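Below is one structure, written out as structure tokens; comments come after it.
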Amino acid sequence: MKSVQFCFLFCCWRATCCRSCELTNITITVEKEECSFCISINTTWCAGYCYTRDLVYRDPARPNIQKTCTFKELVYETVRVPGCAHRADSLHTYPVATACHCGKCDSGSTDCTVRGLGPSYCSFSDIRE
């Protein structure tokens, strides 16, 4: 009986204390030199923790796959950047995650590095949301 209670308490603790891989709101900054304008866009992306391990030794029978919190489903949305010069491309397309999971990072479609995408601020002085 005590082991059942312990398992129940452990599962409750894990569910409340450890955030799993889930959708989260983020703000990205978009600017174009030909527009001399900057906007902030609210979107969703995946964040959280995934169970992973790093083996001390390499075992050819068990490949070492690091799992990361990444998108399972993705859509693209387009926004028009205001203030663009005539004939300048004022459209910017950005990804929006609609579902997340813990899985192997696909380097063909995702930046799997530790570094971020760079600064999340505008280099122009006029910022509009």
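Cβ atoms are placed via backbone N, Cα and C, with glycine included.
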Of the candidates CYS17, CYS18, CYS21, CYS112, the one Swiss-Prot records in a disulfide with CYS69 is CYS21
Pick from CYS35, CYS38, CYS46: which cysteine does Swiss-Prot list as forming a disulfide with CYS100? CYS46
Which one is closest to CYS84 (disulfide bond) in space, judged by CA to CA distance, out of the disulfide-bonded residues CYS21, CYS69, CYS102, CYS105, CYS122? CYS122
When distances run from the Cα of CYS46 (disulfide bond) to each of the recorded positions ASN25, CYS69, CYS105, the nearest one: CYS69
Taking Cα atoms as reference points, rank the recorded positions ASN25, CYS50, CYS69, CYS102, CYS122 by distance from CYS35 (disulfide bond) and give the first. CYS122
Within 10 angstroms of the C-beta of ASN42 (N-linked glycosylation site), what count of other C-beta atoms is obtained when all protein chains are considered? 9
Close to CYS100 (disulfide bond), taking Cα pairs within 10 Å and only the recorded positions ASN25, CYS38, ASN42, CYS50, CYS122, are none
